[in-house]
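Have a look at the structure below, then the notes.
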Amino acid sequence: MKFNMPVSRSVHLRIGLVILSFFVGFVISTPTVPRPYLSKPTVKAAYTRTPPIPKSSLIIPPEITAQAVFIVDLNSQIVLLAKQPNLRLRPASLTKIMTAIVSMDQYEPGALLRVQNGSLSVGAKAELIKGDILTAQSALYALLVPSGNDAAVTLAENFPGGYKSFIDHMNAKVFQLGLTNTHFANVSGVESLNHFTSAYDISIIAQHALARPMFKNIVSTRKITLKSEKGNSYPLVTTNLLLGKPGILGVKTGWTNDAGECLVTYADRYTHPVLISLLGSKDRFGETEKLLDWIYTNYIWE
């Protein structure tokens, strides 16, 4: 596997000379990523745009099992680490980030949605009751906090044109963002032919979602109880075991047998926010914590 990590101009040449053979099996070099990422950051800087600088000319990333990783400093849009960033892999429930984007584009928060076939969904569920009525905002909580497949289907079935039209809009958004290694065949992330993304692409999608305050608020939620328009209660608990730990602000988990463990994490320590996209891991939470410690130990923001 190759790790790709851009650095500041002042140390770039030294890194290229030092790392002739990466004795733990990694190689660090300038990543190959599509131009839209470099020219069109999708999250506005919250703080200074001072770029991160590595403390040493030789920085060895931690050993991880993830098939693909993409880490970006959100303020400067500098890529801190990339491992097979363009490899097409199953996204599992990371799919729901795009489901949320299309839903937020279509529905006002107070729009009323009827639970139809979503109640029959398999996999992770918010246990929505068939025939119940939820606001779009409540459906988004049910989608993103417990990763409810039933909420995903509910959002899609109430969409103008129905379920298929919703998926068409998901893929239209992929095209709009200039992504070339993502295609969606369903709204929840269940295993399906022609359903894939990459660590780079899902990072762009997540950044696009994080530009919306509603999304940021929902994915930072650990527990919440929703009330439907018919008075039914839905207690929701996050699937993200990192939430509540210092500096962890969200975003989304994913898992299937084929996809392995997936996680996109928005984190901020010392006012230096980063986004980590991890696909095909055997320990998504542990490896994300390792990577965060590695970043904030080995980089400085002057």
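Cβ coordinates come from backbone N, Cα and C, glycine included.
Computed from a predicted structure; not experimentally measured.
Here's what TrEMBL has on this protein:
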DOMAIN    61-280  domain 'Peptidase S11 D-alanyl-D-alanine carboxypeptidase A N-terminal'
ACT_SITE  S93  active site, acyl-ester intermediate
ACT_SITE  K96  active site, proton acceptor
ACT_SITE  S147  active site
BINDING   K252  substrate binding site
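Secondary structure from DSSP puts S147 (active site) in coil. Every protein chain shown contributes to the tally, and the Cβ of the residue listed as 'substrate binding site' ends up with 30 other Cβ atoms within 10 Å. Here K96 (active site, proton acceptor) is positioned 8 angstrom away from the residue listed as 'substrate binding site', judged by their C-alpha atoms.
A simple way to gauge crowding: the CB of K96 (active site, proton acceptor) has 28 other CB atoms within 10 angstroms, across all the protein chains here. A distance of 7 Å separates the Cα atom of S147 (active site) from that of S93 (active site, acyl-ester intermediate). Taking the domain 'Peptidase S11 D-alanyl-D-alanine carboxypeptidase A N-terminal' (61-280) as a whole, pLDDT averages 97 in the prediction.
When other Cβ atoms within 10 Å of the Cβ of S147 (active site) are tallied across all protein chains shown, the result is 28.
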